[in-house]
Amino acid sequence: MGKKRIVFFACLLLFTVLLRFSYAGITTESPLSVEQTLSSSNGIYELGFFSPNNSQNLYVGIWFKGIIPRVVVWVANRETPTTDTSANLAISSNGSLLLFNGKHGVVWSIGENFASNGSRAELTDNGNLVVIDNASGRTLWESFEHFGDTMLPFSSLMYNLATGEKRVLTSWKTDTDPSPGVFVGQITPQVPSQVLIMRGSTRYYRTGPWAKTRFTGIPLMDDTYASPFSLQQDANGSGFFTYFDRSFKLSRIIISSEGSMKRFRHNGTDWELSYMAPANSCDIYGVCGPFGLCIVSVPLKCKCLKGFVPHSTEEWKRGNWTGGCARLTELHCQGNSTGKDVNIFHPVTNVKLPDFYEYESSVDAEECHQSCLHNCSCLAFAYIHGIGCLIWNQNLMDAVQFSAGGEILSIRLAHSELGGNKRNKIIVASTVSLSLFVILTSAAFGFWRYRVKHKAYTLKDAWRNDLKSKEVPGLEFFEMNTIQTATNNFSLSNKLGQGGFGSVYKGKLQDGKEIAVKQLSSSSGQGKEEFMNEIVLISKLQHRNLVRVLGCCIEGEEKLLIYEFMLNKSLDTFVFDARKKLEVDWPKRFDIVQGIARGLLYLHRDSRLKVIHRDLKVSNILLDEKMNPKISDFGLARMYEGTQCQDKTRRVVGTLGYMSPEYAWTGVFSEKSDIYSFGVLLLEIIIGEKISRFSYGEEGKTLLAYAWESWGETKGIDLLDQDLADSCRPLEVGRCVQIGLLCVQHQPADRPNTLELLAMLTTTSDLPSPKQPTFVVHSRDDESSLSKDLFTVNEMTQSMILGR
């Protein structure tokens, strides 16, 4: 009897422990009490009640499970704590999530009611508390849209100017008081955006504008920086700044009660501080005032920009620099064409760019300079890699000079600042000489215009004759004015993206037909042979998974290809986008993968001549209105007849990361070269990361190395982007990972051919075990290219080829 009693109490204790630590979900019938917690399925996060610093106040929060001391990452009722130990968190009858106080009713709620037949609250594996509709599975509310002081991986700061919605970080009042503090972290609606910390209504710290993968005001974020961030801004006035960190299982970004933005990563034992800002006195906003330059040193040093002097010498002597500087010589600006009053620009290097910049779109560096020069309100400009042209029409505020890194800021000065007040030399020319010069110049210009126009017509006729000799049926020749009208003169609003050899624009012909226009840039390296190759090849290849060319336009040196318009653009706009990736769930991705394989099979086997694409990658897969994939960009493709199965070139073309070892190293390409590229593409689609940007762990594992390691540990099932976990079929995902690894094996003979590849994707037959890939390339640049003696990127020498 005694033993039975012991067993009974042991079972009761176990039940209590399981109830305490393994609560499954919150529903109307199953509220969460003070003694219970709700865990994420991966065991990383936990939701429950806590009391900071052993106070009497009770808060509902999320923290890292099993980490001591406890690190709270989100608080529900941060402004309304309760002291009632009978409080509980529950789903109301109208589907809302409420915190009930046993004595005083509702203490906190999500503030929304839903027309729902039932809902539940769950804690996801990325620490997001979600309220889900039971019937549809739709997310009704999520904590990631209602920040506290912490960002977790896959969460986003955002703004929407149309709706006024913002997601910001708000500090705790103190380290032990979760109520809102005075510091707020947000992204600004400028283009490009920057992260800004406000102290009440005053600017406290800013990162500088975002430049593709880095913040320009953080010198540690150089071109080699593996950025865990992503910024998307659109023309409708909204922006999303998303935090990714795949290199560490546990990581977070917080805004502390003292106003510091900190990034922590857990090494398995302790939290490591990997970044903190403000990091020095110069990081404090506007410490040197307008037109002042803060020099990063100990102690802090302020100086005025060239051409400026302290606004108040006495204040500067006392160490109060916030009054800033005033211009020494006033500007005289009347178009800045000629004359002694012409303004000049003085470059300042290693600078954190000032605040209140404005973005000038679609201009190069020289046009940026001229735009500022001819705008009398423009005080400075900068042309930044990854951004383009920025100009300043307001006081230059919060400029910092680093010992290394930073950007070049060109500030506007009076011409006299260049070399003192020396008198300018005056060049006097006689009226007769000037008149003669004008006459000769006009005559020369007229003759040049005639030669250019004549050459343009001659070139156009030569191109037409060459294409006609290739017997390209159904190929239409478009006039330039037709394409200019269709694309609104190649306006920026019509630009769809950047292709392998130039820009791509959306157009609409007079009959209402939508087209895509590929404008080949003069610097692309694609000459007549490559252009002819792409026209002839695509026009003769017909398959539902290949893009269709409608015609071309040749006007002088201008070469345009006109394609059928793909409504959903390219696959990379979905797979690598933090928001749009959710529109392409796993079943749809698997369909896309099979479609690409079918298109590749046609190129390799089913057309009369074998076609090797040589530049197969995610950005070259276009999607129609039904999300059907179509392989595009055939400028680098090669064809050969009969039994020939490989070729060799001295000029290797393609994109770094997608190129097979034998092709990149020796110039040998074959069907197996495209198979290698397909394997990389398949793994990118599964993981949701670009190979050129992927880096995992302290060793900086490449995407292929990471996939190989994952396949060895879990057969690759954990590789799928976690945001797609609900839609995945684990065995199918694991099989695709194995197929991807089979495709990227070092030896071409070990890789499947295209027929075998499609069979692997469409059947459940046994697969061989892959061998470890050895050719792994690590690059920080998007779609970087090789350029060595053996390699020439986006250039090629090839013979004219004919398709079927």
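Numbers run from 1 along the shown chain.
Each residue, glycine too, has its Cβ placed from N, Cα and C.
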| query | For Cys368, which disulfide partner does Swiss-Prot record out of Cys325, Cys333, Cys389? | reply | Cys389
| query | Of the residues Asn236, Asn489, which is given the N-linked glycosylation site tag by Swiss-Prot? | reply | Asn236
| query | Can you check which of 417-434, 525-542, 579-596, 615-632 Swiss-Prot lists as region 'CaM-binding'? | reply | 579-596
| field | Disulphide bridge to Cys282 as given by Swiss-Prot, partner from Cys288, Cys294 | value | Cys294
| Per Swiss-Prot, the disulfide partner of Cys288, chosen from Cys302, Cys304 | Cys302
| Cross-link partner of Cys378 (disulfide, per Swiss-Prot) out of Cys333, Cys372 | Cys372
| message | Labelled N-linked glycosylation site in Swiss-Prot - which residue from Asn320, Asn568 would that be? | response | Asn320
| field | Separation of alpha carbons, Leu496 (ATP binding site) and Cys282 (disulfide bond) (Å) | value | 40
| request: Counting Cβ neighbours within 10 Å across all chains shown, tell me which of the disulfide-bonded residues Cys288, Cys368, Cys389 comes out on top. | output: Cys288
| task | In three-state terms from DSSP, label Cys294 (disulfide bond) for me. | result | strand
| task | Please report the number of other Cβ atoms within 10 Å of the Cβ of Asp615 (active site, proton acceptor). | result | 23
| request: Restricting attention to the region 'CaM-binding' (579-596), give the mean pLDDT. | output: 92
| remark: Within 10 A of the CB of Gly502 (ATP binding site), the number of other CB atoms across every chain shown is 20
| field | Closest of Cys302, Cys368, Cys378 to Leu496 (ATP binding site), Cα positions, disulfide-bonded residues only | value | Cys368
